[in-house]
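Each remark here refers to the structure printed beneath this line.
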Amino acid sequence: RPPCAMDWQGLTRELSLYLESQVRVGFLGSGVGLSLVLGFGVAYACYYLNSIAKKPQLVASNDRFCRFLEEYCPVVTETYYPTIWCWEGRVQTLLRPFITSRPQVQYRNELIKTADGGQISLDWFDNNDSSYYPDTSTRPTVLLLPGLTGTSKESYILHMIHQSETLGYRCVVFNNRGIAGEELLTPRTYCAANTEDLETVVHHVHSLHPSAPFMAAGVSMGGMLLLNYLGKTGRDTPLMAAAIFSAGWNVFESIESLEKPLNWLLFNYYLTTCLQSSISRHRQMLEKLFDMDLVMKARTIREFDKQFTSVMFGYRSIDDYYEDASPCRKLKSVGIPVLCLNSVDDVFSPGHAIPVETAKQNANVALVLTSCGGHIGFLEGIWPRKCTYMDRVFKQFVQAVFEHGNKIFSM
């Protein structure tokens, strides 16, 4: 029987009588206050179980891919119980960086050169203590792409590495140019649409370990970049599969959502200052091409992209850049298995902009859509410091690909 079918008034009355017989009611007097508290608690639990905790929507046109996920990545078919006291999307988004733990990870840094004379910083977690894969030449490798101003130090990246460590895998984090402490050697940073640096990194990692199974996972803008790369390369990539988390599918819709007054106050202005901070250290190099005073006056992501990003990458207008950066336009061309997790209450990627119908036209694509979770939130448990729902999806899907991938690669 569904939870709300209970006689919750009767349950409240019974609980109240029991507690009054066990403890001194004190300031609650005759027990009326206690009854109200209990009544509210039961009503809230009823609401949570019926309206908040839900199974995610799994969108996939390929029955074999669906069966593969149901068997080897069952978390995508199980009810997601968001943290009962902070399930709202904006609250989850804001609290995750402060609540979640930061596992200790020792990196080995590598700087690689690019064709235009720049450099890219890679942070390796070699996992040389792996008992499952002691042979480094065949140890599975996961390439991780952080979000807009994120690096290998982000808590969600550290958790992905921790999950990979327990499975015996190797990880390498692709830090976008100029944000991980390395110097800019050319007046160029990065954007969601230009995949040249990612192509360089993918082929570099593969060349070092050509016999190792290889896949990638991208978060937020990292997921957008990875999708745009996959849409461009189709099957012509050394990656076996990819996992995408909280990607912004349509940049126009994402920007419009982030420019609503409350979202601008909570997210847009802060992210704009983060972008400005990430380039201010390289001001001397960037002043060769940009009016940095004008760039530093931007108060929204749109203004920053108009004055800086779209100009840097040669777009005629910001609309041209946003159109090219939107992964929804390239989803049909993805040629390897891809699992994409989004929450429909993510203000960075509004639910109505998720390309459900387009995804149904590509047998390589599966969408997992939760009703709650926010942007890179997906908190669960009473005190959600450790594993999130996103972490569990990552762990199960990566393990499924590396250990049972032959069952989907013949799709």
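Yeah, the Cβs are placed from backbone N, Cα and C, and that goes for glycine too.
According to TrEMBL, the protein has these features:
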- S220: active site, charge relay system (ACT_SITE)
- D346: active site, charge relay system (ACT_SITE)
- H375: active site, charge relay system (ACT_SITE)
- 140-381: domain 'AB hydrolase-1' (DOMAIN)
- 25-49: transmembrane segment (TRANSMEM)
Checklist entry - Do any residues at least six apart in sequence from S220 (active site, charge relay system), in the same chain, have a Cβ closer than 8 Å to its Cβ, and if so which, in order? => result P146, G147, L148, G150, F245, S246, A247, G248, F348, H375, I376
Item to check | Long-range Cβ environment of D346 (active site, charge relay system), under 8 Å and at least 6 residues apart | outcome: G89, T93, S246, G373, G374, H375
Checklist outcome for this item: H375 (active site, charge relay system), Cβ-centred 10 Å count of other Cβ atoms over all protein chains shown, is 26
Next on the checklist: Looking at the domain 'AB hydrolase-1' (140-381) alone, can you tell me the average pLDDT?
Outcome noted: 96
